[in-house]
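Database features, via TrEMBL:
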TRANSMEM  6-24  transmembrane segment
TRANSMEM  31-48  transmembrane segment
TRANSMEM  54-71  transmembrane segment
TRANSMEM  83-103  transmembrane segment
TRANSMEM  115-140  transmembrane segment
TRANSMEM  152-171  transmembrane segment
TRANSMEM  177-195  transmembrane segment
DOMAIN    244-346  domain 'HTH araC/xylS-type'
Amino acid sequence: MELLTGFGLGLLVNIIVVVARDFGRLAVAKVFVVFLLAAVAFLIFPLVPKEWSLFTNNIQGAVPALFWLLCQFAFNDRPRLKNLWSVMAVYSFMAPALARFFWAGEEFTPVMAFWGWHSGQICEYLLISHGLWVIISNWSDDLVESRRKLRVAMLVVVGFAVTTAAVTLNFGLAGEYTRGIIVSISGFIISIFLIKGKDGILFGETQVAHETEFSLTTSQADNEATEAAPSVMADVQQMSEEAQLLKDTMDAGFYRTENLTLKVLAREIGLPEYKVRSLINQTLGYRNFNDYINKLRITDAAKRLIESPDDPILNISLDVGYRSISSFNRAFKEIVGVSPTTYRQQTIRENTVL
């Protein structure tokens, strides 16, 4: 048991060091480190002295909530934390922690047991389920290739490990080697992903390789042509042609297509999906396909709001590709900062004054 625990602990410490060193400036990395520290508490709980058992037990109880929080930051470009899920996350580990502190040594009544433990356990299962849903949802729209691979690791490895840990703890099924096995297997697989991630982009961090950098203007390419290797220049030229093809397609208004998906766009321009995904991510800097399409649509809509002040906002929203006024208003406010009505009124007023 001690040997297996030591192996798992070594893996966790290694992952913590690598993540903190290479990605420490990212919010998602900070959450991941805290999640791993909670995993350390889960791993060493059977071995800690009695005076530390209460503290360690409370820390390991935060694993489901931290898993949910990690999913929000890793796989949601705009995590929304001011909601009921955040309340459930805090409650899931605070309720048992407070119950252990205030009701230690007392005989639990059914009410105490429910509010101190059972309700928190229900929240844990709901948080794990929602975290897994966040991983799965919008998978096809994710433009960051390494993050798409990370979704697989998180869904299969960490999701399974967290679920197993929660079930074994809540139902008292944890055997002598259960903790070590769960952490060791999960830690080993995550370590492999971290090592492979050094060559790419992890946690959604954007990096553009030198070979794929390009400019649609020919002057920069001409200046660098004499210094670049022929193979690299061929890649740059091909990327420029494909990017120009994407630009021409969007300039023609294809972004107005209703229910537009990456697959539909790839078929329209005659390129594989992975190439279109790479073009939008590495050359334009977008990490989500919907963000890219929304930006094009809202830019078009904002122009039409001013040029055609008598056109109803609903008509404009439908013309640029939205199926409902609510989705249009939400996307417009996220990008512009104000509602379409306010934007139209303010801009027309400013132009009148000028």
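Yeah, the Cβs are placed from backbone N, Cα and C, and that goes for glycine too.
Small disclaimer: the values here were computed from a predicted structure and weren't measured.
Distant neighbours of the transmembrane segment (54-71): 28, 31-32, 34-35, 37-39, 41-42, 44-45, 48, 81, 85, 89-90, 92-93, 96-97, 100-101, 120, 123-125, 127-128, 130-132, 134-135, 154, 158-159, 162, 165-166, 169; these residues of the same chain sit at least 6 beyond its ends, with a Cβ under 8 Å from one of its Cβ atoms. Applying DSSP to the domain 'HTH araC/xylS-type' (244-346) sorts its residues as follows: 76 helix, 1 strand, 26 coil. A Cβ distance under 8 Å defines the sequence-distant neighbours of the transmembrane segment (83-103), meaning residues of its chain 6+ beyond its ends; these are 54, 57-58, 61-62, 64-65, 68-69, 112, 115-117, 119-120, 123-124, 126-127, 130. Averaged across the domain 'HTH araC/xylS-type' (244-346), pLDDT for the predicted model comes to 91.
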